[in-house]
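Written below as structure tokens is the structure these notes are about.
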Amino acid sequence: MDLIRRGVVFKALVLLCFIRASQGRDHFTKLNLPPFLKASRFPTFQHEAYDYIIVGGGTAGCPLAATLSQKYKVLLLERGGSPYGNRNITLLENFHICLADVSPQSPSQGFISTDGVINARAKVLGGGTCINAGFYSRAKPSFVQQAGWDEELVNQSYPWVEERIVHWPKVAPWQAALRDGLLEAGVSPYNGYTYDHLYGTKVGGTIFDETGYRHTAADLLAAGNPNNLRVLLYATVNKIVFNTKQGHRKPRAIGVQFKDENGGHHQAFLREKRGSEIIISAGAIGSPQLLLLSGIGPRNELKKHNISVVLRNKHVGKGMSDNPMNSIFVPMKNPTKQSLIETVGITDAGVFIEASSGFSQTDDSIHCHHGIMSAEIGQLSTIPPKQRSFNAIQKYVDNKYSLPKEVFDGGFILEKIDGPLSTGNLVLVDTDVDSNPSVTFNYFQHPKDLSRCVYGIKTIEKILKTNHFTNLTANGAGYPMETLLNMSVSANINLIPKHTNDATSLEQFCRDTVTTIWHYHGGCHVGKVVDQQYRVIGISGLRVVDGSTLFRSPGTNPQATVLMMGRYMGVKILRERLVRAAGV
């Protein structure tokens with residue numbers, strides 16, 4: 001009887017898993033996306049050539065591939081799998097789970113900067129749009145002007161993205177409290193619902209629809225020409241192939257080497273046609289890493305790893321930045337509805353105020369884990385700094401099944417710095433493309449960044465003193481700021497040793513509780529590694545189009561502008577070729 005019962009349970013679980021897996025696949029079918037093939041199906045001896053090979057199917061890579069495929073043959077290579085059918089990607093209630101997943105199949109690859117801050121890079125078709133908090137807000141006009149972009153084309157490219165994957169949120173109670181608290185604290189005026197970057201308080205867009213379903217950059221591939229667009233999953237590019245024959249004025253990119261999910265090796269090549277290009281869109285970590293692995297970078301760095309030098313460029317991997325974030329955990333007297341970023345306060349001091357709240361998850365997700373935005377108390381603070389590792393984090397996650405759900409009744413108000421002046425660098429650890437490079441951001445190295453953090457924390461204190469929050473908190477009259485700071489020291493996960501004066505020195509609190517909100521950028525800056533058209537300086541047939549080229553993170557959150565950038569550059573490149581073909 002017990003065996004029969006187990007058999008029934010097993011069949012039920014199989015059926016449930018099938019139903020769950022099919023959710024999201026229906027969305028895949030409705031979108032009429034091009035076929036996604038595993039990289040192992042790419043022929044070992046490949047005679048087919050392409051007009052464009054795009055390395056990285058992420059936030060910029062997907063709209064770029066869709067746009068270029070309207071006229072030309074495009075091969076899109078993505079090192080991760082498909083987002084469709086993965087409920088931890090597609091459902092808002094499972095948002096935090098991807099960040100906690102350390103399995104080889106995870107859509108998120110964790111890394112720890114040398115500063116001791118836990119971070120994540122996407123490893124899935126759709127890139128960062130699959131693992132972020134979904135907030136959508138455009139860059140301010142001055143950013144567009146400083147980038148030298150065509151404003152008319154920018155204003156056409158944003159809507160192209162928005163009409164396909166962006167939605168207006170139904171503002172959650174926590175977000176409404178933040179909105180009203182911001183206004184009472186003086187972060188005004190109220191700008192309502194808008195994608196635009198305006199000083200004051202506003203509600204922005206989101207890539208989660210009203211059902212809590214996530215729409216990602218991968219959805220944009222439906223706008224491409226399926227006859228011209230080939231998408232390979234689990235295709236990890238480890239090297240750009242160059243023609244360096246004598247007589248050529250400079251090296252020319254002609255193809256790529258990549259490995260498939262089984263470790264098999266492949267090559268793909270461009271057509272021998274003027275205008276054909278390799279375009280790297282592997283993100284702020286992946287793009288400089290691939291340039292270095294391909295022999296483009298500082299000579300000493302390449303020599304250290306026995307990489308043949310194709311082009312010396314001391315700027316590759318330099319100028320890495322991440323917008324530092326510090327958050328205050330506020331316990332609530334009643335369970336708080338889950339919300340991600342919907343409301344933002346844009347101050348004229350270069351500080352953004354946002355919030356997230358509550359906790360929800362489906363039964364098939366990891367129990368009670370909030371990822372980097374964790375609300376647990378205790379966490380890793382009792383583990384000696386040298387023992388704080390991903391294994392320690394995972395062990396902590398595994399031991400939390402017994403935690404009461406009440407621990408998670410609360411929310412965060414966070415502040416983050418706009419355009420930090422502190423910068424760092426990226427260097428290779430080894431020549432394995434699957435290894436994370438060593439990344440340093442030097443959070444708060446510049447004193448102005450630290451002073452802005454203190455301003456942000458003081459602004460949050462003003463918000464918490466408003467009636468909108470004192471009526472929500474567990475004791476009914478609001479907590480003293482020192483109490484909230486002490487709670488928040490433990491509620492922010494990083495591997496930085498804590499100090500006894502964290503609650504009395506806001507400067508020390510900022511240094512010790514800094515976390516990321518995944519807005520890292522740099523490593524392939526315009527004017528240093530690429531030119532104004534994102535062509536790699538000193539190389540023919542090679543561009544970089546993604547956040548690695550940016551000197552600062554655009555807007556309050558970069559995804560809107562990086563999505564736009566993919567569409568924008570696709571149209572620009574098509575126009576360039578049209579002009580060239582016309583002989584103008």
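Here the Cβ of each residue, glycine as well, is placed from N, Cα and C on the backbone.
What TrEMBL says about a protein is an automatic prediction, not a curated fact.
The structure displayed is predicted, hence computed values, not measured ones.
Cross-referencing Cys368, Cys453 with TrEMBL gives Cys453 as the cysteine bonded to Cys510, criterion being a recorded disulfide. When the Cα atoms are compared, Gly547 (FAD binding site) and Cys510 (disulfide bond) turn out to be 25 Å apart.
Below 8 angstroms of C-beta separation, residues 55-56, 58-59, 111, 121-122, 127-128, 237-240, 242, 307-314, 316-317, 320, 426, 428, 431, 433, 436-437, 439, 520-524, 529, 536, 539, 544, 546-548 of the same chain, each at least six residues beyond the ends of the domain 'Glucose-methanol-choline oxidoreductase N-terminal' (283-297), sit close to that stretch. Taking Cβ-Cβ distances under 8 Å and a sequence separation of 6 or more, the neighbours of Pro558 (FAD binding site) in its chain are His519, His521, Gly547, Leu550.
DSSP assignment over the domain 'Glucose-methanol-choline oxidoreductase N-terminal' (283-297) gives 11 helix, 2 strand, 2 coil. For the pair formed by Cys510 (disulfide bond) and Val124 (FAD binding site), distance between Cα atoms is given as 32 Å, rounded to the nearest Å.
Note on the domain 'Glucose-methanol-choline oxidoreductase N-terminal' (122-145): mean pLDDT across this stretch is 96.
Each residue contributes its Cα atom, and for Cys453 (disulfide bond) and Trp518 (FAD binding site) those atoms are 17 Å apart. The number of other Cβ atoms within 10 Å of the Cβ belonging to His519 (FAD binding site), over all protein chains shown, comes to 28.
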